[in-house]
């Protein structure tokens with residue numbers, strides 16, 4: 001595998017991991033609520049079997065850890081705070097939170113184990129097992145997090161059962177071990193499903209992004225970066241319909257580089273492409289208002305779509321374009337009107353109504369453009 005492929009694979013794995021981390025933080029709040037509820041229930045059930053001080057200490061520790069994990073969730077969902085830490089740091093924080101919670105629940109298997117009350121022992125084991133089962137869907141997207149919770153939670157209560165010596169406790173200890181192995185296998189399956197889901201989401205997102213890029217490229221002129229004829233036609237139709245609804249005036253400027261064929265014949269197509277690129281950049285610098293669009297619709301032909309623009313403003317924009325192109329001072333050794341590249345422009349405007357179509361506006365602007373050429377070029381003419 002070459003360096004590029006290795007880097008792409010690493011980046012892909014990082015993106016998948018980021019999705020799984022995000023999924024873990026999204027699922028954690030419900031787990032925290034269950035933690036508090038089960039902690040309160042366990043304390044209530046054991047109240048008469050265990051010293052109240054020990055119960056209070058354990059419950060306080062559980063609530064403190066849970067509150068800290070909840071604060072971590074809030075920090076992660078705060079975009080500004082999330083961006084201050086690397087993705088791997090958030091993964092470590094999540095795992096540490098799971099470990100702290102596991103240690104707290106495991107501590108219950110030591111200090112809340114009632115040696116003289118078998119029903120309370122069973123209830124304690126049942127509660128701890130329930131916490132593990134509930135952790136499978138919440139923590140399995142990050143396997144180290146699940147293991148960091150499973151091992152410290154079940155180890156103490158399992159040992160407590162095994163060291164009692166009688167067959168019932170020993171059997172319960174073995175059952176807890178089997179249960180832990182089963183939950184580990186279930187967690188592994190959930191992790192695989194989580195990763196597959198993350199990969200599908202990533203591929204779908206990439207496919208949508210690629211499609212949007214293709215759609216955008218299909219509407220752009222590859223040489224100049226301006227809109228192409230397709231974008232021009234689509235935008236013209238859309239803006240025409242909008243102006244038809246609102247009754248606003250709609251202006252169109254058609255522009256043509258003067259004697260561009262002679263420029264190409266004299267200096268070659270590479271120079272011609274460079275000229276087009278500079279001209280397009282100057283045009284784009286003028287069409288900066290919201291809704292304005294400039295497109296290359298032919299070899300040396302350009303068009304400006306100016307919604308909600310009266311003719312006076314359109315003429316002003318056309319004159320700005322003409323002056324900017326002239327100010328470029330691109331040498332034109334074969335132009336009969338100047339020693340540099342110039343441009344002719346025709347402007348037209350109208351208020352769309354049901355009796356007119358977009359081609360009426362194009363025809364009017366084209367007529368004005370031809371009038372500008374007849375008047376000697378390098379000028380702006382408004383359609384009558």
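Just so you know, glycine gets a Cβ as well, placed from its N, Cα and C.
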Annotated transmembrane segment segment (source TrEMBL; candidates 120-139, 200-219): 120-139
Helix, strand and coil residues within the domain 'GGDEF' (248-384) as assigned by DSSP: 61 helix, 32 strand, 44 coil
Candidate ranges 30-49, 55-72, 120-139, 169-191 - greatest C-beta contact count to the transmembrane segment (93-114) (under 8 angstroms): 55-72
Region pair the transmembrane segment (169-191) / the transmembrane segment (55-72), three or more CB pairs under 8 Å: no
Per-region confidence, the domain 'GGDEF' (248-384) (mean pLDDT, whole number): 93
